[in-house]
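Q: The structure's right below; bear with me while I get my questions together.
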Amino acid sequence: MQKIKMPVPLVEMDGDEMTRIIWDMIKQDLILPYIDLNTEYYDLGLKYRDETNDQVTYDAANAIKKYGVGVKCATITPNAQRVEEYGLKEMYKSPNGTIRAILDGTVFRAPIVVDGISPSVKTWKKPITIARHAYGDVYRNTEYRVPANTKFEMIFTTDGKETRLPVFEYEGGGVAQGMYNTDKSISSFARSCFNYAIDTRQDLWFATKDTISKIYDHTFKDIFQEIFDEEYKEKFDELGIEYFYTLIDDAVARVIRSEGGYIWACKNYDGDVMSDMVATAFGSLAMMTSVLVSPDGNYEYEAAHGTVTRHYYKHLDGEETSTNSMATIFAWSGALRKRGEMDQNDALVKFADALDKASIRTIEEGVMTKDLALLWEKGNKKVVNTHGFIKEVATRLDQELKEIM
Ligand SMILES: NC(=O)c1ccc[n+]([C@@H]2O[C@H](COP(=O)([O-])OP(=O)(O)OC[C@H]3O[C@@H](n4cnc5c(N)ncnc54)[C@H](O)[C@@H]3O)[C@@H](O)[C@H]2O)c1
């Protein structure tokens, strides 16, 4: 087979620890034999971030804006212990946070579903994608431990004019918090969700507590509805997909009774909580994919899990590891597919589909890493090590590509 050409590059962001090891294996065994890989490479490994005073992270994010598509390996977010371990000049911010701030996006997380590992919720047959609004609300609050005999008021100063709103009068002590969001951020969250629903041809659900929060949550509901009616309704009708709004408590009940197969857009706190519930119920963090979609149509693909530190230290000690590379493989296939779609490069899209299919087939044929072996429900299984799994996928990828190319 002739190698597939890629005239336009995608942004490749290398990372840390065990996922950096997997990154190279995936490239060597699953990508480079088939594709004339064209990437603009940024090393987001902690050592190089430190050497460049984190400039490399900013450069990578700006490159995604230029080329439209990026694929990122998991990276260490330094804490005090990492500052010591790597002798860092400072405690750099989370690379994902920096990239998100530059691209202004929404993160969509979806599980990879395989036959033989059932979700804990028996009705779920298809993946549920969580879209979490990652701006404001309780994550940017101002809190106060209130002493007794205190009057709580909110003051807004608009062009020098004050508006005062009474909140509560405390006799004993208590707690208080102020939080905010902006029309701009809510609108870009809405557009990212509608665009992603169109892209993946799935229904979009959104829920807030607008009956109780008649201004704050209701504004989310209104902005979503206005943008949907004005900009997206026609396209949704054309594709036969639906935008569905309900109350958050009703949404939770419906999600549990559903078959899956839709995007669930959540406010910041709801998304934080519900994405952990959905990930756990679908089985394993190692099977969660993640994509950051910006409102102006840039995409950054990655695995939802971290750098798997425990396995890395075993690897450094020369011990065998059995790290699951599925989510990182899907990050690569996601980015290659998107590159292909943007450039009308059909061969690249077909390759990405074949890579997904080969990876899922590997597990469905009973070949898996240790983390999945515990969840496997279908008879015989072969538990393989980190590289063993990728080689098993490569064998099946060869077969898939022979059939279609
Ligand atoms: N997106 C990112 O870049 C990202 C996300 C989370 C954590 N991190 C970083 O990763 C490092 C480790 O963090 P952590 O231990 O909290 O998270 P982690 O996701 O690396 O590991 C959490 C747990 O899940 C298991 N696990 C995760 N992925 C696995 C896989 N592919 N195969 C098998 N088991 C897997 C691990 O063994 C561990 O028990 C930290 O330095 C953190 O800053 C990065």
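Any Cβ shown, glycine's included, is placed from N, Cα and C.
Where the annotation comes from TrEMBL, it is an automatic prediction and has not been curated.
Taken from TrEMBL, the feature D-threo-isocitrate binding site covers Thr77, Ser94, Pro95, Asn96, Gly97, Thr98, Ile99, Arg100, Arg109, Arg132. Here TrEMBL flags Asp249, Asp272 as Mn(2+) binding site. Among the features that TrEMBL reports, domain 'Isopropylmalate dehydrogenase-like' is placed at 9-393. Annotation comment: TrEMBL describes Tyr139, Lys209 as site 'Critical for catalysis'.
Neighbours and distances for these, please.
A: Note: Arg109 (D-threo-isocitrate binding site) has non-local neighbours Thr129, Ile130, Arg132, Ser275, Val278, Ala279, Met288, Thr289, Ser290, Ala304, i.e. same-chain residues 6+ apart with C-beta under 8 A of its own C-beta.
Annotation note: Asp272 (Mn(2+) binding site) sits in a helical segment as assigned by DSSP. Spatially close to Asp272 (Mn(2+) binding site) yet at least six residues away along the chain are Arg132, judged by Cβ distances under 8 angstroms.
In the three-state DSSP scheme, Tyr139 (site 'Critical for catalysis') falls into the helix class. Around Tyr139 (site 'Critical for catalysis'), the same-chain residues six or more apart in sequence whose CB sits under 8 Å from its CB are Asn268, Tyr269, listed in sequence order.
The 10 Å shell around the Cβ of Lys209 (site 'Critical for catalysis') contains 17 further Cβ atoms across the protein chains shown.
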Q: Near ligand 1, meaning Cβ under 6 Å from any of its atoms: which of the recorded positions Thr77, Tyr139, Lys209, Asp272 fit that description?
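A: Near the molecule: Thr77.
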Q: Give the maximum pairwise CA distance in Å, whole number, for the residues Thr77, Ser94, Pro95, Asn96, Gly97, Thr98, Ile99, Arg100, Arg109, Arg132 listed as binding D-threo-isocitrate.
A: 20
Q: Could you state the CA-to-CA distance between Gly97 (D-threo-isocitrate binding site) and Asp249 (Mn(2+) binding site) to the nearest Å?
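A: Pair distance, Cα basis, whole Å: 30 Å.
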Q: Anything within 10 Å of Asp249 (Mn(2+) binding site)? Look among the recorded positions Thr77, Ile99, Lys209, comparing CA atoms, and list what you find.
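A: Cα within 10 Å of Asp249 (Mn(2+) binding site): Lys209.
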Q: Using the alpha carbons only, what distance in Å do you get between Pro95 (D-threo-isocitrate binding site) and Lys209 (site 'Critical for catalysis') once rounded?
A: 32
Q: What's the CA to CA span in angstrom from Ile99 (D-threo-isocitrate binding site) over to Lys209 (site 'Critical for catalysis')?
A: 30
